[in-house]
Amino acid sequence: MRPAQASIDLEALRHNYRLAKRLGGSKALAVVKADAYGHGAVPCAQALEPEADGFAVACIEEALELRQAGIRAPILLLEGFFEHDELRLIAEHDLWTVAATPQQVRALAAFQSPRPLRVWLKMDSGMHRLGLSPEDFRAAWLRLRGLPQIASLVLMTHLARADELDCSRTDEQAVAFALTAGGMRAETSLRNSPGLLGWPALRNDWSRPGLMLYGANPFPQDTENTAQLRPVMTLRSRIILVRDLPVGEPVGYGARFVAERPTRVGVVAMGYADGYPQFAPNGTPVLVDGQVCPLIGRVSMDMLTVDLTDHPQADIGATVQLWGQAPRVGPLATQCNVSAYQLLCGLKRVPRTYVASAAVGEVAAR
């Protein structure tokens, strides 16, 4: 079988959730949308459920996958519902929903629910994506709070630039949210991963950690808090061929790398169809049997090439680590002009293996 594999450390996942709880000083919904950022929503939710306050997903399809797998904890639909018929499923499966548009508010007000629903009312405080204007937000709260089909309301907003620690936008959003929500008796939710890791003055009742759960740093530099994150995914493959190139010979499409010395080249079973960044530059580091080696040549659909010249002991079958504890996915993403979110979510055909911890053997493969 092809040797590319992503190893998922479930104990690291639990560690990062506990860190989010500690930094937030509040309840926390573990965000497992997009298949838990490429880590597998069901096994990640199963690992976290004994201690998680709940989960958050993008849409009802993702929530139903968790319910069908036996997850009983609260699940919030971050985009709410797209069709009125989904409200019946929300009630049937005891889901929580965001209300972020006037249409969703009207639908909730008209819905004769068989059980009261828990609704998260979302205000647009400056993201200008989903969310009610401050005026509509207050009007929606007044409209929904007394209805029998509404069990409770949580007031939420989303930070647009919290990953920029020197940007005033986060403070501006927090002030706008506080001014509008002032006097409304309800729990609040404001902090996402960068809000938890980089903005300690922010306070809320519910945090929504996403990227940080998986051990990735949302900032371009390390901080005291991000240094405590543990990478959850380790992406590995193996060398499938070794060849020697003389001076002047190129490697790969477009001859982006030309040997300036006699070069020992390792071909690795990993390409952009697996989710490795296609435009990773020459010199991007990987680990070959624990030794740093530079990527050379253009990344192909199914393969990439590395320079083994300085590590003559490396041969066919050597383990190649593309990201994990080293190299970290965040710096790799920056080097390749993509985001860590994109890399983690992009592993479409790489099989995942789940381990209880980095020091414990494999427990399951999916």
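Heads up, the Cβ atoms here are built off N, Cα and C, so glycines get one too.
On a predicted model such as this, the values are computed, not experimentally measured, just so you know.
Per Swiss-Prot, the features are:
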type: MOD_RES; residues: Lys33; note: N6-(pyridoxal phosphate)lysine
type: ACT_SITE; residues: Lys33; note: active site, proton acceptor
type: BINDING; residues: Arg129, Met301; note: substrate binding site
type: ACT_SITE; residues: Tyr253; note: active site, proton acceptor
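Met301 (substrate binding site) is surrounded by 10 other CB atoms, counting those within 10 A of its CB over all protein chains shown. Taking a C-beta cut-off of under 8 Å and a sequence gap of six or more, the residue listed as 'N6-(pyridoxal phosphate)lysine' has these contacts in its own chain: Ala41, Ala56, Val57, Ala58, Cys59, Glu62, Leu78, Gly210. Its Cβ placed at the centre, Tyr253 (active site, proton acceptor) has 11 other Cβ atoms within 10 Å.
Arg129 (substrate binding site) has a Cβ environment of 10 other Cβ atoms inside 10 Å.
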